[in-house]
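A.B. asks: This is the structure, below, for whatever I ask next.
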């Protein structure tokens, strides 16, 4: 009944009768005819997974089954020899030996009754004595060997396996890569003794063909027959595929290591040395009723068995292969009819097989093949069923080995059932995942198909047009509202015609659509109404910025011209000044005053021309340049575009020169037809007002500089900083700190102290940071003094915050609650502002300012209160504004008649300044030689000139008169008049040339406490234009020649004393005696002068 149920299940799960027929035919002939040639033609049939091809040839593993049914023989044809011996004598000897062995074997009766018909009596090519005609062919002078399955094989070559053991009755193809092992197997097959022992490695990562130590493998394996062996690799990369058929379970008792290992050691097995003709020690008596063998075999072929074993050992002797002493394992007896547990396990395994077969098609094929080749009922052979379950299951290697080692049938069935159950769970999970993925894919496909069908139905009914038609309609509608130039309209019509002929799924369609989108989003013919009110513009500019008179006047001029003409044209302004003076922010104020749209972008570090002129449309992800993007965002043709940091443009030869690309953009004669690479149509930018900002004009390319109108912004003086802080910075910082209505006041004297001791730069950016710091510190002190209980939590929360808190309180789940202190810190609940009580008064003045911003950065206004001889105060211009530049000169060694002149320069002086040093040194020597001929200071003095703050690079020609004054002050040993600062370039003839940055230098002189500023006469107009608040307290002296400078810095010089100044040190002394006498006289004179 169980067998019928099994076959019925197989028929239900089989795919087709043709598959079963093919499997039946293949499995019937494969054990006898799977030769090397057949495997070579069909390699996919032999190296199959475990139990992929399982045949049941009645290789019984139980004596009880041997008595029930006659055994079947499975003779195997021995492969023909692939190479013949070249040595004729050796070949003759081997043939004689083979003849002797054949004669001895023919005397032994055939132990296995043949059931084959004619032509199938001997699979090895015999004479067909067992009922056939010898296979239809004969082999010349080759021994005829009929392979049998010996019951006892005490010593067998051991082959290690990885990851999966072999189970009796199920074929397995293994690959041998060790040449010695492969040749040994080939020789054993050739000699008719194709028997090996297969043992699985304990470590799945090990992969080799020789067992070096018994501990590497499990001691329980299978006794296998090599049914076929054929090479699959090349000569250099040896590989052999062997098809193994396991017969029974064996156990390794000891291991003979390969050749080269230690031999003969204690406890190790060795190959028995047996003299020729003497039988090896037989274990037949000790192992009666063991093994899988026909009963008549022991009685008839003991002598033949001994010689076969001797022949096998002779083949393996001397080879680097593993040989193991093994013994057969006998299953514990059981009674199938009386043991209900075994019957239940068998039924459950069969049911599990059905479940897995329904889910796994490959598993279904294995079950079908097994069912076809099983000649008895499944319930009658639980041993075979347990082995089959383990052979086809994908389980862990240790679980499969446990099934192999178990000799109790009931326990083996339990372990096989566990393996099958795991396989069933895996199959169910795999099916579930597959169904989920399939459902998602089908859902998407169904939605796509339905959407396409719906679109088609709507098109047929006229309810909805194609997406392309709608897009074309949208573009035409946009274009109808724009006043496109004729050239642009022509390109638009061509692109629209092109778009109508493209498929929406094509890549060219998207390129054309994006181009038309940009083309129709530009403000062709759209401008914003400008405000020409002078009064309004002045109010807006004064409201946002203090000072900046030049910029404000230029904007008012621009508005006045536009009002007189009735229209305005774009201009290019460039604001140059130190950081923090309001260059960037003034641009937004100008746009507000003119009622223009504002757009800002920075070109600092920009190195790609495409950022300005765009990319070609052929590139993926191409975009127009920043100017076209500005027009699209502002939606007017006359915006104000601020180009920030134009002096910091990058240069990269691989991506072009952005400065050169700006020439077309900022040229009033060319920008009326600006050509962007992406649009490729002319765009009129003549109405755009461009405002550029830079810290210095030196790094701006000259062609670009010529196209812009330069407006220099000087640094702020102290009075201007005070006004800016009081009017703009302090109120903004106070409101930002939450102290708008609080009585917190930053006194004027505190602002003055902040400017003089902390913020001496030309701009007000650092001043803004310090004022914000003052108010932040004040806010912290107020909150700290008021305490945490000043406003309860319930009152601090707004209505929205209370609602959020109540909603959170309703949710009482298993989620771990956040600690209260952390929740108070991070909960984003709306809160009301903390109102500072009227009783709180905070005043920041000169005395307590350091409590808010720390100790002063600048402790003194000047580096020298009184300049010593050799020190002069010059003035320098930097990107941060003006600064005082001191020039120091000293005498390096004592002055004497034997000393030599020289000059050393330090202080990070650049090339231009080094040249100015040489000019000043030469001119100072000429002045001393002309005005003070007896003063030979420069003829013997070795000087060292230094500019303090050596880490700051210094360059420029405007320090010429300062250096000359320093040299002359040292030569005349007279200090320069106190409070004098000077600037001007000096020539070798004493001419003082024009310099730049007089405003910044004047601001620096006033900040350093100077009372007089000496500057070139050519800069007199610049001096007259300076505001009175900058020149307040400073006297300006324009000079044309250095003689005028000399008279101003040395007003009380005694020329006669200066002419004789270094006579004592430089007087010549002849001979040691005269030198001592002169020294004595000099000492006497000096002592007399001291007495006087």
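Any Cβ shown, glycine's included, is placed from N, Cα and C.
Unlike curated records, TrEMBL annotations are generated automatically.
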A.B. asks: State the residue range annotated as region 'Disordered' by TrEMBL; the candidates are 181-217, 218-254, 255-291.
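C.D. replies: Going through 181-217, 218-254, 255-291 one by one, TrEMBL gives region 'Disordered' for 255-291.
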A.B. asks: Roughly how many Å lie between the Cα atoms of residue 577 (ATP binding site) and residue 1001 (active site), rounded to a whole value?
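C.D. replies: Cα of residue 577 (ATP binding site) to Cα of residue 1001 (active site) measures 13 Å after rounding.
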A.B. asks: Expressed to the nearest Å, what is the distance separating residue 1001 (active site) and residue 580 (ATP binding site) at their Cα atoms?
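C.D. replies: Given the Cα positions, residue 1001 (active site) is 17 Å from residue 580 (ATP binding site).
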A.B. asks: Through the lens of DSSP with three states only, how would you label residue 584 (ATP binding site)?
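C.D. replies: For residue 584 (ATP binding site) - judged by DSSP and reduced to three states - the answer is helix.
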A.B. asks: To which of the binding-site residues 578, 579, 580, 582 does the lowest count of other Cβ atoms within 10 Å belong?
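C.D. replies: Result for the binding-site residues 578, 579, 580, 582: minimum number of other Cβ atoms within 10 Å at 579.
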A.B. asks: Specify the count of other C-beta atoms within 10 Å of the C-beta of residue 581 (ATP binding site).
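C.D. replies: A 10 Å sphere around the Cβ of residue 581 (ATP binding site) contains 27 other Cβ atoms.
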A.B. asks: Under a criterion of Cβ-Cβ distance under 8 Å and sequence separation of at least 6, what residues of the same chain contact residue 583 (ATP binding site)?
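C.D. replies: Listed in sequence order, they are 575, 577, 693, 713.
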A.B. asks: Taking the center of the Cβ atoms of 577, 578, 579, 580, 581, 582, 583, 584 at the recorded ATP site, which other residues in this chain have a Cβ no more than 8 Å from that point?
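C.D. replies: Neighbours within 8 Å of the Cβ centroid, excluding 577, 578, 579, 580, 581, 582, 583, 584: 575, 693, 695, 713, 763, 765.
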